[in-house]
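As given in Swiss-Prot:
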MOTIF     266-269  motif 'Di-lysine motif'
TRANSMEM  64-84  transmembrane segment
TRANSMEM  92-112  transmembrane segment
TRANSMEM  179-199  transmembrane segment
TRANSMEM  203-223  transmembrane segment
TRANSMEM  239-259  transmembrane segment
Amino acid sequence: MGQNDLMGTAEDFADQFLRVTKQYLPHVARLCLISTFLEDGIRMWFQWSEQRDYIDTTWNCGYLLASSFVFLNLLGQLTGCILVLSRNFVQYACFGLFGIIALQTIAYSILWDLKFLMRNLALGGGLLLLLAESRSEGKSMFAGVPTMRESSPKQYMQLGGRVLLVLMFMTLLHFDASFFSILQNIVGTALMILVAIGFKTKLAALTLVVWLFAINVYFNAFWTIPVYKPMHDFLKYDFFQTMSVIGGLLLVVALGPGGVSMDEKKKEW
């Protein structure tokens, strides 16, 4: 089987997968995407005093402000998740979750930790795609009304979302000389570039979903660590943040790359 035949078979499989799952894939994508906010909101509830004391100690802001911060995080994240899953006021929910990301980036000093900053930006990319999807749903209500060609901010949201999502994979690159690490870096980088430029996008994004899910289950198996150990919370945080990026990639699979992409430009050539 030649290279073109192999690529064609893979694309046929991706198209078949999309046809079979198109009814529920967006719902799974949204659930995966908001999973890190859902988990963090629930954790805020059960670790209220620990989170409050951490903020108070770090910023020396006092009991009241620290408690207000934890409450805002808890309420903002759980409310945003409920709105996204119920498909109500999704755009407002996305803006609220963007605010939570920005707030946590500052409060937990993530701004100075490149790895966690890139993961937060990737999470923001997933929210951009969710925002683009909500705009698309709104426009579908007026399907019979003539509109301008897809020159709205939606296509640029999709582009920005794709570019930000690939930052997640940059945090997974290994800089040792083992064969597996080199192979993983080459394949991962190639797929990242394809998703970013929007070429063979659905196939590349679906491949990244499978690869990232396997890595996530293997390296972030928090359920194998006793709850009382700090590593349990650390791995759980990584696991659900990775699941959110997987949700963003599933939205790319479900919605396509948008107007600013190689796949779209090929149709005009």
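Every residue, even glycine, has its Cβ placed from backbone N, Cα and C.
Here the transmembrane segment (239-259) has long-range neighbours at 14, 18, 22, 25-26, 28-40, 119, 122-123, 125-126, 129-130, 132-133, 136, 150-151, 154-155, 157-159, 161-162, 165, 168, 195, 198, 201-202, 205-206, 208-209, 212-213, 215-216, 220-222, meaning same-chain residues at least 6 beyond its ends whose C-beta is under 8 angstroms from one of its own. If you look at the transmembrane segment (179-199), the same-chain residues 6 or more away from its ends with a CB under 8 A from one of its CBs are 159, 162-163, 165-166, 169-170, 172-173, 205, 207-208, 211, 249, 252, 257-258, 260-264.
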